[in-house]
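Peer 1: If you scroll down you'll find the structure; I have some questions about it.
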Amino acid sequence: MKTIIALSYILCLVFAQKLPGNDNSTATLCLGHHAVPNGTLVKTITNDQIEVTNATELVQSSSTGRICDSPHRILDGKNCTLIDALLGDPHCDGFQNKEWDLFVERSKAYSNCYPYDVPDYASLRSLVASSGTLEFINEDFNWTGVAQSGESYACKRGSVKSFFSRLNWLHESEYKYPALNVTMPNNGKFDKLYIWGVHHPSTDREQTNLYVRASGRVTVSTKRSQQTVIPNIGSRPWVRGLSSRISIYWTIVKPGDILLINSTGNLIAPRGYFKIRTGKSSIMRSDAPIGTCSSECITPNGSIPNDKPFQNVNRITYGACPRYVKQNTLKLATGMRNVPEKQTRGIFGAIAGFIENGWEGMVNGWYGFRHQNSEGTGQAADLKSTQAAIDQINGKLNRLIEKTNEKFHQIEKEFSEVEGRIQDLEKYVEDTKIDLWSYNAELLVALENQHTIDLTDSEMNKLFEKTRKQLRENAEDMGNGCFKIYHKCDNACIGSIRNGTYDHDVYRDEALNNRFQIKGVELKSGYKDWILWISFAISCFLLCVVLLGFIMWACQKGNIRCNICI
């Protein structure tokens with residue numbers, strides 16, 4: 001009897017294997033998308049944190065630590081400031097007639113000549129820096145009646161006393177200093193920059209010893225401007241053994257204009273002019289070393305790549321640079337929404353589609369197919385839908401860079417102490433611009449991320465609809481991104497569905513017949529396999545009970561004899 005019961009139960013299990021889902025006359029085809037075990041969190045318009053399969057960092061947060069010498073021409077100021085090089089400080093003679101794209105001033109730079117001040121220092125520095133050259137042309141000024149080329153022990157060239165090489169210190173000759181009236185026309189086709197100065201003696205005695213008169217006067221004029229300076233005689237803090245000073249001024253003479261110099265003393269005269277050019281050159285204060293490398297973007301911290309649309313290394317930049325923002329990180333989604341693959345698929349090892357989760361390990365594409373048929377299981381990527389999504393996403397980063405990279409941004413804005421209010425206003429404007437750009441950057445990236453996720457979801461839906469239209473009534477949508485195909489569909493058949501050559505008419509009759517042969521109601525729950533197994537197990541148990549009851553009834557009636565041997 002035990003043998004009979006066991007055989008009955010085994011028979012039930014054998015019949016159980018003939019489930020519709022595992023019948024050779026049907027197949028399952030699922031559509032899915034790429035997934036990774038650990039995705040990247042990005043921000044969208046509707047969600048602060050959403051996980052995607054891949055994302056690109058948009059904020060450059062570090063520099064190379066050195067200033068690249070290419071493609072920009074970098075001039076290292078070393079121990080010289082730009083103004084000292086302009087005036088011709090003896091220890092800056094090596095900078096005469098030099099050219100640059102970016103002049104790098106060092107914190108160790110110092111002056112080593114007659115102590116001076118420049119009332120409009122920032123403007124002169126900016127003007128010369130943007131010109132990009134120290135090209136100097138000597139001119140023959142007629143300084144009749146005075147001695148030229150004054151010198152000072154505070155300004156030594158080698159071991160002998162000297163003076164600024166681009167300036168001519170005029171002083172008395174034979175205790176005479178006549179009034180000077182000199183003109184110099186600009187017959188060229190470019191602007192000329194003249195540097196001149198006024199000497200402020202420390203005592204009245206020094207004044208008369210050098211210029212005879214108790215008080216001098218200097219007036220420099222053009223058709224467009226006039227400057228008059230009266231020396232201020234008096235002692236000042238001692239610098240390099242001197243308590244007197246020189247004030248440096250500058251005048252631009254346009255083509256066709258005339259430079260007119262009138263003086264009755266204290267004039268530090270020009271020896272010629274500097275050519276003024278219009279260009280993209282500039283100046284930067286930095287102690288970063290200059291290295292042999294190539295980078296379009298330079299900051300005081302060093303060069304940085306410009307392959308990202310934003311940077312937070314330094315707000316001061318030169319060249320084609322990413323836009324400065326306050327954020328440390330902004331991530332652009334370059335992949336689809338990530339739904340990690342579940343580890344279990346039920347008792348039958350069933351496959352699942354994109355509605356349930358993504359597929360890990362699909363390296364050949366973002367979208368693809370998995371199938372289960374009489375020949376086994378398989379997987380293949382759909383390259384067309386993958387490429388359609390990639391083509392639209394790849395251009396995002398380049399478009400962001402084009403929108404945000406600044407070409408030769410004004411890197412430094414300086415003002416004298418007198419212009420403190422203007423400086424405060426400028427700082428406020430710059431800070432406001434940075435705040436706005438930081439907000440715009442975050443909003444722009446969130447919009448792009450939202451579009452990327454919507455785009456990749458749309459491509460998945462397009463592929464699903466394309467497949468559904470091919471299969472028509474030959475298959476049933478299982479509701480999880482899969483189709484149950486009601487006809488025998490080998491690997492060649494599956495391949496025709498993937499490449500769009502499937503002919504549903506060929507399989508239509510077979511699919512309809514198989515639909516009618518399937519008994520019962522197919523459950524749509526995720527626990528379908530479990531319920532089917534439990535149902536068959538209960539059925540087999542009841543069958544065994546009925547069979548056992550029949551045997552016992554037959555034994556009672558004498559129709560069956562049961563011998564028990566011990």
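Here, residue 1 is simply the first one shown, and the rest follow in order.
Quick reminder: no glycine exception, Cβ is built from N, Cα and C everywhere.
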Peer 1: In Swiss-Prot's disulfide listing, Cys80 is paired with one of Cys92, Cys113. Which one?
Peer 2: Cys92
Peer 1: Cys297 forms a disulfide with which residue in Swiss-Prot, given the options Cys155, Cys321?
Peer 2: Cys321
Peer 1: Disulfide partner of Cys293 per Swiss-Prot: which of Cys68, Cys482, Cys489, Cys493?
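Peer 2: If we follow Swiss-Prot, the cysteine bonded to Cys293 turns out to be Cys68.
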Peer 1: Output, ordered by sequence, the same-chain residues six or more apart from Cys80 (disulfide bond) with a CB under 8 Å from its CB, or 'none'.
Peer 2: Asp89, His91, Cys92, Phe95, Ala109
Peer 1: Taking Asn54, Asn79, Asn142, Asn262, Asn301 as the glycosylation sites to compare, which has the smallest set of other Cβ atoms within 10 Å?
Peer 2: Asn142
Peer 1: I need the least crowded one of these disulfide-bonded residues (Cys68, Cys92, Cys113, Cys293, Cys321), counting other C-beta atoms within 10 angstroms of each C-beta.
Peer 2: Cys293
Peer 1: Please work out the number of neighbouring Cβ atoms within 10 Å of the Cβ of Asn499 (N-linked glycosylation site), leaving out its own Cβ.
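Peer 2: I count 11 other Cβ atoms within 10 Å of it.
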Peer 1: Between C-alpha atoms, which of these recorded positions comes nearest to Asn499 (N-linked glycosylation site): Asn54, Cys113, Asn142, Cys155, Cys293?
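Peer 2: Given the candidates Asn54, Cys113, Asn142, Cys155, Cys293, the nearest one is Asn54.
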Peer 1: Quick one: of Cys155, Cys489, Cys493, Cys555, which of the recorded positions has the smallest count of other CB atoms within 10 A?
Peer 2: Cys555
